[in-house]
Structure formats: C-alpha cells, structure tokens
Amino acid sequence: MARQLREVVFVDGVRTPFGKAKGQYAETRADDLVIKCIRELMRRNPDLPPERVDEVAIAATTQIGDQGLTIGRTAALLAGLPRSVPGYAIDRMCAGAMTAVTTTASGIAFGAYDVVIAGGVEHMGRHPMGEQVDPNPRIVAEKIVDPEALSMGNTAENLHDRYPTITKDRADAYAVRSQQKTAQAYADGRIQPDLVPVATRSAEAGWGLATTDEPPRPGTTVEDLAALKTPFRPHGRVTAGNSAGINDGATAALLADEETARELGLPVKMRLVSYSFTGVEPEVMGAGPIPATEKALSQAGLTIDDIGAFEVNEAFAVQVLAFLEHFGIADDDPRVNPFGGAIAMGHPLASSGVRLMNQLAATFAEHPEIRYGVTTMCIGIGMGGTVIWENPHHSATQDEVA
Amino acid sequence: MVSTSSTNRYIDDAELRELLDRASALSEAEVVTEAKARDVALPLGAGTMVLVTLDNGHDHTRPNTFGPRSLRSLNEALDAALAREDVVAVGVTGKPFILAAGADLSGLGGLTSRDDAKMIARIGHGVFAKLDREIGGKPTFGFVNGLALGGGLEVGLNCTYRTVQDSAPALGLPEVMLGLIPGWGGAWLVPNLVGADTAVRLILENPLNQGKTLTGHQAFELGLADAELGGADFLEQSLLWAAKVLTGAVTVERPEVDRGEAWDAAVAQGKGIADSKTGGASPAAYRAVDLIAAAKSSTKVEGFAAEDEALADLVMTPELKAGLYSFDLVQKRAKRPAGAPDRSLARPVTKVGIVGAGLMASQLALLFARRLQVPVVLTDLDQERVDKGVGYVHAEIDKLLGKGRVGPDKANRLKALVSGAVDKAEVFADADFVVEAVFEEMKIKKQVFADVEKVVSPEAVLATNTSSLSITEMAADLEHPERVVGFHFFNPVAVMPLLEIVKGEQTDDATLATAFATGKALKKTTILVKDSPSFIVNRLLGRFMGEVGKIVDEGTPLAVADGAFAGVAPMPPFFLLSLVGPAIALHNNETLHGAFPDRFYVSPNLQALVAARKTSVYLPDFSIDPEVAEIFAAPADGTALEPAAVRERTLSALADEARRMLDEGVVAAPEDIDLAMITGAGFSFWNGGLTMLLDREGISEKVTGATFH
C-alpha cells in the first residue's frame, strides 16, 4: 500500500490561567484543570463533532493521585466526550504537552487519527517535582548521571559555567524584560483570549474564579532581583527571580489532519513543519533546545535565519540566553517571546508546551509576514524539544493553499 | 450606598436584624452554614459579582442547612454586597455537590411558642427577600450546584435568575411530607414562576409520594431554572451565563403563567391529592393548597406573610412533631437498628439458596441477585416448579432491561446468577445463606431445614421468611439451631422497605449480624424482633383487621368500616384485606387467635369469604362485590357503629396490643413499632407511625394508663 504523509495543523489551543503552588488552585484538582481546557476547546469549536476526536493525549510529570489513572482517558470521560474517544497519559517532564502534540501529530500524519486533543497538566502544589521518585542507585554507583542533574537549579548553574559570558546581571535583566513583556501582553489583551476561566474552590473563602495568571510580578526591577538569594550555590547566579516558579496549570490543543480541518470548517492556526527531541548531558539540561532546534531545522531544510518568531520556554533565564547566544540572537530580540514567558507566567511542567504554541499561533495571526516559528524547551534529565511551525496566514503558504 | 432597609417592603431591616439576633440566641448548638462572599470578575467585562458560597465546613455527607445563625451570616453577606456600588450582581451557590438541604430541622423541635415559630419564618423570608431585585436593588443569580431541598431550593427561587446543574440529584420542596409548607417563599414563588400545576406537583404530589425529588434536568424542564449546565464546569459556565444576561447577550424568557381556570383546576387537583394521600389528617397539605390558591392574586409581600402564618401554625402542630419524629426514625434509627450485634461479626454471603420456587421465593431470588450480585439457587419439589420460578426471575430481569433499568450486560449477569435445581445437595453445598419460602406450616418448614442442614456447612445461615411461626421451634431439632433466624419480608418484596429480623432463643450473634448485614445489602430497613407470634406488623395489622372484622360482623356496614380510617392506615381495611388476599389474612388471624384467643378475633364472615374462594371484597370498579356484600350482611340484631366509634374502638385495640408488645419485649422501643408500621404497613409520617398518633389522641392514656412517649 502506498502511503502518503498528511499535513498536521494546530487548530486551536487553550489553557487555564496559571497559579502559584498553594495559590489559587490549592483546593482545585489537577484533572479538573485539564478537563476544563478540553471542554473549552470543544465549545470554541462547535463545528467539530465530539465523536470525531480520535485520541486524547494528556501529559503530566507526576502521574499519581489526581494526575494518575491514565489521565488522558479519564479526563476525556469526565469532560463529557463520547465513550468511544480513547485517551492516554504522556510523560516527558517539562515537554509533556509538547510530546503529546508531536506524538499525536505523528499519528495524524500516519493516518491513524484525523483529529486529536493533546495537552498537559501539572499541579506542582499537589505534586512537587520529584514526588515519590525512586532513582536507580546505579545512577550514582556507576556515575551514569551527575547527581546534580536531578536538581534543575543546579543544572542551570552548570549552564552558567558553560557560558561564562552569561552573567547573573544578564539573566536578571532578561527576567525583568519577561515580566515587562507579559504585563504589556496582558494590557494589550493578547494572553486572555486563550485562557479558560476556572472556578476555584476554597473552603475558607468560598468559590472564586481564576481569570488571570497568578505568578507575574509586573513591577519587578533588576534591583529587586539582585537582592534575591541564590539557593543552589553560594554566590551563584540562579534565583527565584530569574527562573520559572512552582506552578499549577493545564493546557490543551486541538490538532487535525489539514484536509479534515478544512472539511469540518475548523480554523488552521499553524502547520507543523518538523520536530525533534534531543538528549544532552543531564547536568546541563538547559542546553537541550540548541541541538534539538538544529536538528529540527535541518529536517525542515531551514536555517535559523528563516525563523521569524521564537517561543522559548523560560525554565531559567540562562537557558534562554544560552540558546540565543548559540544562534547569535540578541538577548532582547523582539522575535523572541514577545509576550514574555515562564519566568513571568509560570511553568506548570508538563502543560507548558501548548502554552508556547498558543502564543506562537497568536503571533502568527498578528504577523502574516512571518512564515516560520519555533517552539522550544529544555527538558529534565538532559533533553531539548523543538517544534517548527509554519504560518498559514503567510502569503507564500496562502498561495500554496490556493 | 443602597439602603436595603428603605426598600425591603417585607420587613424593616432593623427588625430583621433584631429577630436574627433573637433567634440566634435560641440556636446555640447550630452547625452554622457560613455565607462566604468573594468578588468575582465576570467574563465579557460584565463587572464584579459578589459570589456567596454556602458552606458549613463539613463534606457533602453533612449538607448545608439554614438555622438562625446561618441566616444571619447570609444576611450580613447580602447587606455588604448590596451596599456596594461597584457590584453589578450577587450570586449564591453551595459547597461541592450541595446547595442546601433546607431549614435546620434540629432547631424546629425546640420552638416553644407560635411567636418563635413565626420568627423563624420571618427571618428566612426577610433574608431571602433581599435577593429580589426590587428589594435588594441588584440582579441576583442562584447557581443550583447540587442538592437543594426546601429552604435550599427556596434560596435559589428567591433569586432573579437561576442556573441548575443538570445532574444535580435531589431538588424539591418536601416540607409537606414532614408537616410543614415551603415557608421561605416557595409556596408563593413557585406557582408564580411556573404555574399552579407544577407548584402542586412540587409542593404536594412529590412530597406525599415518598418524598420524591427532581433531578436538575427535570427542574429545568419544569421551568424552575433558566439554564441547565453540565457538572464539569458548572460554576464557570453559570458565571458566563450570568455575564451574558447582564450584558444583554442572553434574554431570559419564561412562559407566561396561566392565571385562568388552569390555576383553579390545579388547586382542585391539589386538594384531591391532599384528600387521597392524607384523608384530611395532615393540616400541612391543606395549608399548602390554600397558599397556592391564594398566590394567584396575592402580592409577594402578602404571599410571604401568608406563609409566615401557615408556618407558625404548623410548627406548633402535633403532626409536625410526629413528622420530625418519623423523619428521624427513617433517617437515623433505620440506619442503626436497635439491638443488632456488632457488624464485624457478620459472615460473608457469597451464595444464596432459596427453598421454594413460588412467587415469594422468586421475588426473593430477584432481590438477592440484584442487590448481593452473588449466585442464587432456587429449589423446589419438581423441575416444573423450579423452571417456573427461574423463568419468572428471568422474565422480571427482561422487564428491567426493557425499561432501561439495567443494561444488556447487567441483565446477562443477573440471569446467570439465578438458577434452579430439584436436588438441594449439590447446589446448596457452598451456600452461606439459605432462606426458605415454603408453605406456612411448622412441620414442613422443620423438614426443609432438616434437609438443608444435611448439605450445607455448619456455619451457613438458615433464614425463614415465616410471617408468624416460631423461629425457636423451627430450629429446635436441628444440629445447629443457633444459625436459624427469621427474615420476614413484606409484599411486594421489591417495593416494601421493611425486613423484620427475628431472633430465636438460640440464634447466635454471628447469625444475627449476618442477617442484619444481608438486610442492609438488600437495602431494607431492618428491625430486630423477639420470636413471638406474627412479629410486629402482622400482629398489629391482625389485631386491627380482627377488630374491624368483628365490628362488621356485629352489624356495622362494611363501607362504613372502610371509611373510618382515613389518615391512619394507607388504605381502608377491606382494601388491604383484598390486596393481601383474604386467605392469607385469615391465616394470620387464625394464627394469632391460636396464640392469643382472648384478643384476636377470627371472623366467620371472613372464613365464609375464603370458603367462597373470593380473592377480593371489591370489584375492579371499586364497588363492593354484591356476593361479598351478601356474605357480610349485617345480622338481624346487629349494632351499627358510626365511623368515629369504629375508629376509636379499633385504635384502642391497637394501643392495647402495642403496649403488650413492649411489655413482652417484642421490640426494644415504641420507635421500632412506628418505624415498622411506616416502612412495613405504609402508616403515615405525620402520625409518627402508630404510637405517636395513639398518644396524641389520648387513646394510649385511656387504654393503658400511660403514653408511649
């Protein structure tokens, strides 16, 4: 049988407002967060018959408790999707949702699915990173992984060592800009369209409604950040201010075979070009996006100069700066994270991949002159993940469609 | 600042606060449902809503209730929200799964004066009335997120708009069942919102139909809510809907209420329901009818005032006291049967044997299979009877399948669980619980148990569904008499909640505990009874029927006797006789006569009826069968009693019998008699079963020299 690969498109994506651990979602279940995203996706796309959803892939790093029980399947049932719609759980730490997207996208390209839901959730308040992990003693005994690799903060310090030109001041300046850009994006109403309001239970205060991200600190200055402690090393560089926080949140995206999307009248916000996951030394996991992006570019036959928009996950400022330095991009290049990033908005591990995609899609819609964009992130235990997308609003791609 | 005091036409705000304080002082032990107010930025830029969450700090097993302190908390929250100019609307919702279960009933029993009772009515009205835009000054939204009964539903009904969660399990106004009326606005608001017809259904028909409630979806269909939303994001979507209403994106349209003849017809129908269900015996039902009738033309303030008066009157009635007593029996005592051994002593039941394959046995087989989901084997004398019994059960399962009560897989599972055999030896060998439902004769039952004992393990429980025979005697000749227990169901088995569990002299605790655990798994109300003739319900009904039979035999027309018990028994005595079957009723009377010849009468006319093979006193059109009338013809020198005298003489006999049963230790307390009569004989909630009624009418004192309570 002759097979033809099919084009995969990003139809739509939503997320909950992100919360600080023990903050607005302290009494809200993790699965409920992602269920509300799935419901909203279905509501926003009424032309999609629910039974046409062929898969629900939901990522979570810590798959226990309310993030366990094969969360993709249970979330689908609890969201009211037909029982015929299957689902499963995915884990690639920070790149969980990104992996949910690429894995199901591969299924679409292969012809196994027409339409899928891919997303992620991490309720770090309920499930702190490392909850109930049981590392194999050979990791230490045989020096397979530097034990420091298991602490993400240490890996960020290690990355500063690798790039001595990336100073604490540069990292702090980057972090302040992230806060400023997020505040501006909120003021301009760019973030809100893809947020799903979440009713927040509080036994003490009664029900509330979460409509905005809780983590941002809009007025942050470099002076504020300079005063922060460096918990991972004495006189180190990594602080709570130039890192993403410990957060709760969920995301979900709708992907489809391009023809199916057009047949059903679904919007096409982005077209998948290529993706790559690449391993690096676990103790400098923040370097991961560099080889992952190079590989994805090479698969696509593109160079870094073809990329008009970047959504780089800000687990740590140093990790973004290392990426930019490697590719010769300025720290304040306007193509990079125009809405700010995880340092301001938060990084609920396995959910963040789709947040990057939502924001890239928003940038594409505003900028038809941009043809290609990148979403990329570093991943614990030493990996990077990159997805390259094409802007369907770009004139060149418009011609192709026509 | 919006002053609520100047616009609250129902009650002056200062007076309301004073009443709330006064009532709160009487309510020290109240579990307070706090009104927790929080600002919510509504979507679509609709502005700020103050969202009030009702939460008593417990989980869903202890629902929110409204006592005075809870109302005071809500009052303060509403005042604060309504006074704010930056607030566009107020929302009210509940803790997870629960809006509120209504008024705090524990406080009602302690009210000692009509004034105090009226105060409770007024504070509820006064606080809830602020949810009226005309009074409070802001549009309000009731987000009915789960269980909402009585005052819990009324808090929503008082709001300008309502959303309801489609799967919410229990919505209703059950007050009339207890002996109250929906007195915090329900009786006026419901007919004015959705018409008198639906009001009659909600306020009268459902409460008097075993307290039936609505799902959220049903409530929406009836117009009690303006929107229904799914549970996955009910509150988020409710807030969005509220924002759409406030911004004009959604216009709430409600059908015009028919204020013409339909209203009067509904009221007449309500009166008919009150008559047929209570026979004039429960004032609450009639007050509810009156309130619905008056709501046709009264203003809201007038309607609320009428509810105040009705509630104040009713709280002081013995029927309410009895209603609360009955409520407590079925809610609490039924769940912790008096005298039952520790449940840890119960043995697991993994297979059930049933001796007999007749109608009763088949009904038992269906019940055991459905509830315990373990193999059930019917045995009988020959294959034909066995096949008939199993066939009956399988046909009943098919009926359940046809009605959608079980799915095809479940139907297959249940059918596979029920089998039959002629030879007990193999099929009973691994049964843990064998119940016999063979002919009601001691010799036969003893033989059955002797046969069963040969094939079952020494621990297997042997239960008898006898309605009158001695458990002790039945067990006497067995090798293990300690494993025999009485397990007496009521017909129809699937419907009647009562299961009398009878302890023989040698019955051990493990057997008894297993019987109680099994009864609970069968979802029956279990009551421990001493081994005694006809146990509780049949003994009292036997005395009742015997006395009525004697009165008719002595010359009172049958129709007069049948008309004398409205409001006492669920149906007239000769209806009951026809339902049970004259032969079975006669058998019960004869058995009791054998035990207590002085008190239990065997009617020659009833014997003649049975001899004539009549199965009913009434024809299908409910007229008395002329041939039966001939059998029951009054003797030439007879005495015809008036209905009141029939009633008093019969109730006196019941008072005498109930007192004797307590003296003999047949049951632990009068509460067990009443629980049995409510759940096994359909006696009324508002009478408190039997003994509360006998006390209230002075009969206990007159007959026995003392009251039961």
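Think of each number as a place in line: the chain as shown, counted from 1.
Even glycines carry a Cβ here, placed using N, Cα and C.
For A:8-258, the entry in TrEMBL reads domain 'Thiolase N-terminal'.
Annotated active site, acyl-thioester intermediate per TrEMBL: A:CYS94, in sequence order. Taken residue by residue with DSSP, A:CYS94 (active site, acyl-thioester intermediate) is part of a strand. Residues near A:CYS94 (active site, acyl-thioester intermediate) in space but far in sequence (CB under 8 A, at least 6 apart, same chain), listed by position: A:THR61, A:ASN313, A:ALA315, A:HIS347, A:LEU349, A:ALA350, A:SER352, A:GLY353, A:MET377, A:CYS378, A:ILE379, A:GLY380.
In terms of DSSP helix, strand and coil, the domain 'Thiolase C-terminal' (A:268-390) has 54 helix, 34 strand, 35 coil. Annotated domain 'Thiolase C-terminal' per TrEMBL: A:268-390, in sequence order.
Residues or ranges marked as active site, proton acceptor in TrEMBL: A:HIS347 (among others). Around the Cβ of A:HIS347 (active site, proton acceptor), a 10 Å sphere holds 27 further Cβ atoms from the protein chains shown.
Taking all protein chains in view, 33 other C-beta atoms sit within 10 angstroms of the C-beta of A:CYS378 (active site, proton acceptor). The feature active site, proton acceptor is assigned by TrEMBL to A:CYS378 (among others).
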